[in-house]
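TrEMBL has this to say about the protein:
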- 7-247: domain 'Glutamyl/glutaminyl-tRNA synthetase class Ib catalytic' (DOMAIN)
- 9, 10, 11, 12, 13, 45, 181, 199: L-glutamate binding site (BINDING)
- 101, 103, 121, 125: Zn(2+) binding site (BINDING)
- 237-241: motif ''KMSKS' region' (MOTIF)
- 240: ATP binding site (BINDING)
Ligand code: GLU
């Protein structure tokens, strides 16, 4: 199959309904794809079945449709992709790159140095499980030797991270058998031929881990653009945990216009009075990714 030059995606976790924060990511990824004559795919990231909220995938897809955002191809569900994640683990295992770890959180916290995302795994099980840990449930971790990763994010600029010293050997399969986000996202972005990733800046520090895995698995690295986050009055990212309100499906236009403003664009006030088709025509004709500001901010709720 001939791949289009630009293939992007929106990859929501179905842990709750779409809110204005996730709408920002959907709109920016959609406009970036469409203004590059690219494809825009949807992947439902339901790999962590313990966090899935029933019916939330259907509601997210329905909300995207109500907001006039049409995706290409079939929706992919990570819950149906376990065999591919297992195959990637087998590939890494063949090359001696993963190992079982039976440390508890407490044991790691007691022995670890703290870094950007919490304790850096101190490597206790890297050379084999000690006999007193042998019967415990175990995670699978990837070795992070030689893991200095540098990339240029289209909005946030240069990022340089040594995964080994700043994150440590990270988990690819949890002790309860669930494949982690870091593994699933890398396998799926490669399998789906993604060329451009547009998502929230909260994932900026995950990107070196993903590029590291791409290198180990022989995958290409896509381009990245990490967006500012919508925060509430307490400065917290809008999310299910911070009780963000779902988008209001009865009045898409004011929310779409507010989303464009958040993204640094200058939509005309009249767009609120028009229809969805005219909104998207205007948005595509006038979209300028260079105008997106870097900083996390409130959104002026319509
Ligand atoms: N599923 C993640 C989320 O909803 C996004 C992952 C990604 O875009 O890589 O926050």
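Each residue, glycine too, has its Cβ placed from N, Cα and C.
Annotated pair residue 240 (ATP binding site) and residue 199 (L-glutamate binding site), C-alpha to C-alpha distance, rounded: 17 Å. Fewest Cβ neighbours within 10 Å among the binding-site residues 9, 199, 240: that distinction goes to 240. Other Cβ atoms within 10 Å of the Cβ of residue 45 (L-glutamate binding site) number 21 in total over all chains.
The 10 Å shell around the Cβ of residue 101 (Zn(2+) binding site) contains 21 further Cβ atoms across the protein chains shown.
Comparing Cβ neighbour counts within 10 Å across the binding-site residues 10, 121, 181, the minimum falls on 181. Across all of the motif ''KMSKS' region' (237-241), the predicted model scores a mean pLDDT of 84. Here residue 11 (L-glutamate binding site) comes close to 42, 43, 44, 45, 185, 188, 199: these same-chain residues lie at least six apart in sequence, with C-beta atoms under 8 angstroms from its C-beta. Classification of residue 13 (L-glutamate binding site) by DSSP places it in coil, neither helical nor stranded.
Annotated L-glutamate site 9, 10, 11, 12, 13, 45, 181, 199; additional same-chain residues within 8 Å of its Cβ mean position, judged by their own Cβ, are 43, 44, 185.
Shown in sequence order, 102, 108, 122, 123, 124, 126, 139, 141, 169 are the same-chain residues outside 101, 103, 121, 125 whose Cβ sits within 8 Å of the Cβ centre of the Zn(2+) site. Among the binding-site residues listed (11, 12, 45, 103, 181), 11, 12, 45 have a CB atom closer than 6 Å to some atom of ligand 1, in sequence order.
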